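A.B. asks: Once you've had a glance at the structure underneath, I'll fire off some questions.
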């Protein structure tokens with residue numbers, strides 16, 4: 001690969017002059033890429049380029065505190081919208097399903113977003129490598145806006161579910177591109193602080209989502225769960241368009257389309273959809289041994305294996321380069337991220353169910369009850385990010401966090417059927433502190449060990465790991481809960497009668513939470529006990545997963561976090577020196 005030297009020819013333009021000699025990549029160089037060509041300046045300018053390029057580029061990369069604040073506020077708003085939309089409809093789902101007069105809608109309104117979000121995540125990083133971060137992030141905002149508008153307006157269930165899928169597609173792009181933009185803008189050492197900020201926003205949005213959804217449904221209309229996205233998304237789009245200044249390779253559309261790993265993209269989307277659908281349907285809507293569930297899971301796994309083979313052997317520009325998993329440390333970091341996200345989403349998603357079904361809290365009260373968890377995550381993530389930036393160390397704090405998270409989850413098993421603030425606050429604080437200490441470490445450990453040109457792919461893969469973990473966590477937790485409720489339904493039938501017991505059987509239980517408050521005292525106590533014991537099994541499962549994450553963290557190795565910011569590798573890499581010479585200079589223009 002050719003070495004690149006840089007000079008500033010205009011206030012908003014960097015000319016990258018490609019050479020045929022030098023190491024595979026320089027410390028601050030851009031990779032050899034295909035973009036809109038600029039006229040060659042000739043060899044006479046090379047000396048001036050070499051003498052002043054590095055210094056000029058260094059000045060160019062400097063940002064004022066105000067500029068960083070505006071850009072980070074916009075990026076955090078993207079994260080806020082993506083995280084909020086995962087949970088905001090949870091308390092509004094019964095009302096939305098009733099509006100469309102569809103029992104199946106209760107499942108698909110939430111599932112369509114998660115499936116589209118998870119399945120599309122891997123492709124966003126590679127697309128941004130080809131066409132640049134800023135334009136693709138803006139496209140993701142437009143897609144999210146369009147999906148929100150559809151959901152806010154339509155009265156047809158099928159179109160509404162399609163709108164939710166479009167939302168999920170855009171949210172995946174926003175979430176993924178935010179992490180990649182931060183890796184482009186800051187050094188490895190500084191990223192921890194800014195990843196900490198986005199982690200705070202993610203935790204807060206996930207926590208207040210159910211509260212906002214409940215408030216909108218009770219006081220205004222459930223459609224405000226989607227109307228609220230429109231002005232925020234529009235404002236974020238405008239701010240990003242005006243203030244986010246990152247290099248863009250100006251890759252021609254046709255050349256970029258040819259460079260996309262279409263087989264890999266279709267395989268990862270198809271495999272993810274089939275596997276998650278099989279898990280969603282199994283045990284509740286269809287028997288586990290039904291042909292539909294078995295085929296979905298088996299073919300999902302086969303498709304995933306075909307994806308790995310395609311990335312390893314066939315893809316010229318793979319969506320996820322297989323070699324980023326070649327070290328034990330990197331693989332362990334991805335596994336830690338999976339277990340961490342699995343536990344975090346389990347608590348965030350199912351603790352409100354405990355509050356409402358067992359403690360008989362309203363949606364607003366359940367949001368207040370969840371504050372110790374959300375606040376402890378936010379404070380812990382902020383302190384951890386600042387510590388990593390100050391010390392350059394992340395491994396010990398990550399392991400301590402996993403140990404604290406495991407302790408907190410283990411203590412959840414001792415929760416009571418009645419409100420006990422001491423236990424409720426203490427257990428949530430411990431779990432939240434541990435969760436907050438592990439948003440940054442695994443990602444930084446992977447970014448520090450992979451080749452610089454693979455940082456975006458590694459970041460995208462980490463995001464995919466996190467999103468598929470959250471999706472599987474909700475599915476597996478729900479399956480366990482529903483199966484436990486179904487197993488205990490015979491007791492409910494004996495004590496409540498078949499008609500009433502049917503409301504709390506399997507998949508019906510979650511949708512009938514509001515009914516618990518309306519039951520007579522004796523019946524209410526029986527149903528609350530059924531919810532309590534079913535949720536208790538879930539806390540045990542999440543404790544086991546938390547312990548698994550702690551064990552796997554022992555295989556992660558500490559890496560040096562550089563203080564030097566390196567330029568992103570954008571565009572389409574040339575495959576030979578001859579092609580490099582023929583292409584001539586490549587323009588890497590910064591977006592305005």
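Every residue gets a Cβ built from N, Cα and C, even glycine.
All TrEMBL annotations are machine predictions without curation.
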A.B. asks: Need the matching range: TrEMBL marks transmembrane segment on one of 539-556, 557-574, 575-592, and I'd like to know which.
C.D. replies: 539-556
A.B. asks: Give the nonlocal contacts of the transmembrane segment (367-388) in its own chain as ranges (CB under 8 Å, at least six residues past its ends).
C.D. replies: 189, 192-197, 199-200, 203-204, 206-208, 210-211, 214, 347-348, 351-352, 355, 359, 361, 394, 397, 401, 424-425, 428-437, 439-441, 444, 561
A.B. asks: Under an 8 Å Cβ to Cβ limit, what residues of the same chain, 6 or more beyond the ends of the transmembrane segment (394-414), are close to it?
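C.D. replies: Distant Cβ neighbours of the transmembrane segment (394-414) are 192, 336, 340, 343, 347, 380, 384, 387-388, 423, 426-438, 440-442, 444-445, 536, 539-540, 542-543, 546-547, 549-550, 553-554, 556-558, 561.
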A.B. asks: Do at least three CB pairs under 8 A connect the transmembrane segment (539-556) and the transmembrane segment (224-242), leaving out pairs fewer than 6 apart in sequence?
C.D. replies: no
A.B. asks: Across the domain 'Major facilitator superfamily (MFS) profile' (71-561), what does the mean pLDDT come to, as a whole number?
C.D. replies: 83
A.B. asks: Looking only at residues six or more beyond either end of the transmembrane segment (136-161), which have a C-beta under 8 A from one in the stretch?
C.D. replies: 78, 81-82, 85, 100, 102, 105, 108-109, 112, 124, 127-128, 167-174, 177-178, 181, 223, 225-227, 229-230, 233-234, 236-237, 240-241, 244
A.B. asks: Test of understanding: applying the rule of at least three C-beta pairs under 8 Å (pairs 6 or more apart in sequence), is the transmembrane segment (68-93) touching the transmembrane segment (332-355)?
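C.D. replies: Output yes: the transmembrane segment (332-355) sits against the transmembrane segment (68-93).
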